[in-house]
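Here is the structure we will look at, set down as structure tokens.
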Amino acid sequence: MQRFGKYRVEREILDEQRLEDVTQRKTYADIHPSLTERLKNSLRCSVPKLKRSVVSSFPVLYWLPKYSIWDYGMPDLVSGISVGIMHLPQGMAYALLASVPPVFGLYTSLFPALVYFFFGTSRHISIGTFTILSIMVGSVTERLAPDEDFLKRNGTNFTAEVDISARDSYRVQVAAAATVLGGVIQVLLGVVKFGFVGTYLSDPLVRAYTTAAAAHAVVAQLKHIFGVSPTRVFGPMSVVYTLVDVCSLLPQTHLPTLVVSSVTIVLLIAAKELNSFFSAKLPVPIPVELITIVAGTLTSSYAHLNTNYTVSVVGEIPSGLSSPSVPDVSIFRKVIGDAFALAIVGYAVSISLGKTFASKHGYKVDSNQELVALGLSNAVGGFFQCFSVCPSMSRSLIQETTGGKTQMAGVASALIVLVTILKLGPLFQELPKAILASIVLVNLKGMFKQYSDIVTLWKSSKIDLVVWLVTWVSSLLLNLDMGLAASIIFAVFTVIFRTQMPTYSVLGNVPGTELYVDIETHREVGKIPGVTIFRSSATMYFANAELYLDALKEKSGLDISKMIIYKKRQEAKMRRREKRAERRAKRQARREVGNQLSGPSECLTDKEGHGLAERENGTVFVIPTTPRTPDDTTTLGSSNEDTVSRDLERVSLGSLGKWTWDIHSIILDLSPSNFIDTVAIKTLKNIFQDFSEIDVDIYVTGCQATVVEQLDHGDFFSETITKHHLFASVHDAVLFCLNNRGATKRHVIFQTITLINK
């Protein structure tokens, strides 16, 4: 097998105008039909489009009629039961993070999953509670419903006892309002096809954000682990103040609670490690969290941990489903910023997991429809007192690895949660909160492993490392909502910074080819005599247009302003010396005339050879003389012209100086540009105008069709700048320059490259 082949192509040099003629490029009207034509087409295709629109809005109508119970029924059932078992401990534990009663975590694991069944396009993600969103909801609920606002009155004095029922009721309202508002935001963004907003959350940003959120979760659970009651602080630096307060309360640690937490953490870690070690041999992972909750509940119930040792327990869990209710609209204005953060973070996690599984199993996830589906799951769930949801990585992996094929697995898991709410909920009333907090801490182990990203990014990309560190610090110190905003703004600034500081290079020809590479980074390349090929690694637009011009001057070695001034000075000197030379020539001519009149042998002659002499009174006398040969005859006009010519020759060679340069053409390679704005167009026009004043031609190559269209609409082309200045490739422009302005014998450009088959 031959590794390297060769090819030769013979064609004419193509500028933009010739390329449009050859390819018959469509006009703007052909590509963009008028409003009337679009309306006609939409009416003509209204029925098929309506059908596609309905199916795309309800993806369940596409796959459910094709569902095969024999092929998919049993795998989905097994997968759903496995995920449903995970929902139970995670729902109750993450409700603790959201600062709402555990039963609302079970509600959150039920209703949104059923809504996603109808509208979602991913087959493998498991919708429900998620650590990061639960922490974000908890920060909102505790900020708007702190314990201090619900102290019970005893006459005219306050007591230290908190009205837990009233506090939890208002916190549920706050969580539901934030969830509904976040869902509405997601639906609106999906309807207007704004699903691409998730792309602004880069992977380093998301990983750093979740790592900082894990730190918030740890600090929030320390009070349950140690059995202390720190003062709740809100706003920037709250996590630091809370951690300091917890450390100051460590001498007051409740030992029975600490023992329960320590034993639970050790057993969970050991069980998870064994689960991971035997994962290849186990058809279904062992439900470690569920076993822990059951064992902890039984132990607490029989040992009476709450009454004998004052270990805090979950408390009353009502059986049955709560009726839907409209959230308190007055809370919306207080949580709008938090709702937007919940919407963006939830969607970013959802679309990243969805695309991961879709790529692995060969189907497509619609980003806009996912935004709508997640928004409806949150909005509808909010009416049932659920808090914000998104897919969980752990549950989604279980759903996929246990053989789940469709979202029927989500329905099966929701049924497990439903049975628990209706029949088994009251059995978990004696469950210690320390066990739920321990489950949260152990499940955060994967997020703490993300600190290894610092080492990886240090080796691969320093800018991504800075984004990671800034996101982590801002999210940790400014809280999750303001931290997310600051992180996105900083990430966008890094993109702007990179476009403002691109790599500028001068290209040279790879010998024997039509390829052009940077002459500073390659040794075996040839610089084109008289031609400078300039390229920027980024799109030229208003933020870097001036930098582009400065870099062009530097790389070409031509300081236009100084050269124009120098050229004008030299031209002025030349004009002055021409005038002096002309005056000297006239004086010389007058002296010659005087000599001819004074000497007998030096006189003027007429056409017939007679001598002419002018007297003082203007009378001309004819003086017979000996006829001369043409070489001896001198007229006044010929004497003047010859003298001026010789004088100007001396001026131009001797004293004018050099105001020409080695570069006669500059080629601007705009192939990296995918758009061009009005500022960049103005800069390009100035480049053409300025360099033309020093007799340097400018040509542009590599323009995409959209860029050419924008140049045309921006009035870039004129009588002096035409599409003949634009070329299809760098090589076309180089060949034109060499043919137009000349090439040296030492530099050979291959104009024809012909296909060779071997």
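Any Cβ shown, glycine's included, is placed from N, Cα and C.
So that you can see what the record holds, here are the features copied from TrEMBL:
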COMPBIAS  575-589  compositional bias 'Basic residues'
COMPBIAS  624-635  compositional bias 'Low complexity'
DOMAIN    521-737  domain 'STAS'
REGION    575-610  region 'Disordered'
REGION    622-641  region 'Disordered'
TRANSMEM  94-119  transmembrane segment
TRANSMEM  174-196  transmembrane segment
TRANSMEM  253-271  transmembrane segment
TRANSMEM  335-353  transmembrane segment
TRANSMEM  469-497  transmembrane segment
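The largest share of C-beta pairs under 8 angstroms with the transmembrane segment (174-196) comes from 335-353, of the ranges 94-119, 253-271, 335-353, 469-497. Within the compositional bias 'Basic residues' (575-589), the DSSP-based counts of helix, strand and coil residues read 15 helix, 0 strand, 0 coil. Sequence-distant contacts of the transmembrane segment (253-271), counting only residues of its own chain at least 6 positions beyond either end whose CB sits under 8 Å from a CB of the stretch, comprise 224-228, 286, 288-289, 291-292, 296, 305, 309-312, 432, 434-435, 437-439, 441-442, 445. Counting residues 6+ beyond its ends, the transmembrane segment (94-119) has Cβ neighbours under 8 Å at 57-60, 87-88, 126-131, 134-135, 137-138, 141-142, 168, 171-172, 175, 217, 220-221, 224, 314-315, 317-318, 321-322, 369, 372-374, 376-378, 380-381, 384-387, 389, 407-408, 410-411, 413-414, 417-418, 420-421, 425, 428, 431, 433, 436-437, 440 in the same chain.
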